[in-house]
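Listed features, source Swiss-Prot:
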- 79, 82: Na(+) binding site (BINDING)
- 7-27: transmembrane segment (TRANSMEM)
- 37-57: transmembrane segment (TRANSMEM)
- 65-85: transmembrane segment (TRANSMEM)
- 101-121: transmembrane segment (TRANSMEM)
């Protein structure tokens, strides 16, 4: 790892985080429901893009952090864009406000749809 690698990951992470913030804010202005739609759509779209680009970039999953494009785009931008921690916070809020079953359903749906989106993105890239 070099200083330039750290710079690319940090720059990508900043870009991804800003995209997540802007998209989440935009969705929140339009959607006023109880479902955490912003986090859901951000994570699903991120899963799709990472599935697609991982094939396009020929990612070797045993050494997926070494290449500059992987570091800047997959780890940096998409790592900053997607948000596991916000999904967990949303689930905790759902559990308090609407019950544990709703929260568990949200987590299960998020994971399954995310896996399907990543697989679909990878399939499209082949």
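The backbone N, Cα and C atoms fix where each Cβ goes, and this holds for glycine too.
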Inset, instruction - With an 8 Å cut-off on Cβ-Cβ distance and a minimum sequence separation of at least 6, pull the same-chain contacts of residue 82 (Na(+) binding site), or say none. - result: 16, 20, 42, 43, 46, 47, 50
Inset, instruction - Name, in the order they occur in the sequence, the residues of the same chain whose CB lies under 8 A from the CB of residue 79 (Na(+) binding site) and which sit 6 or more residues away. - result: 9, 12, 13, 16
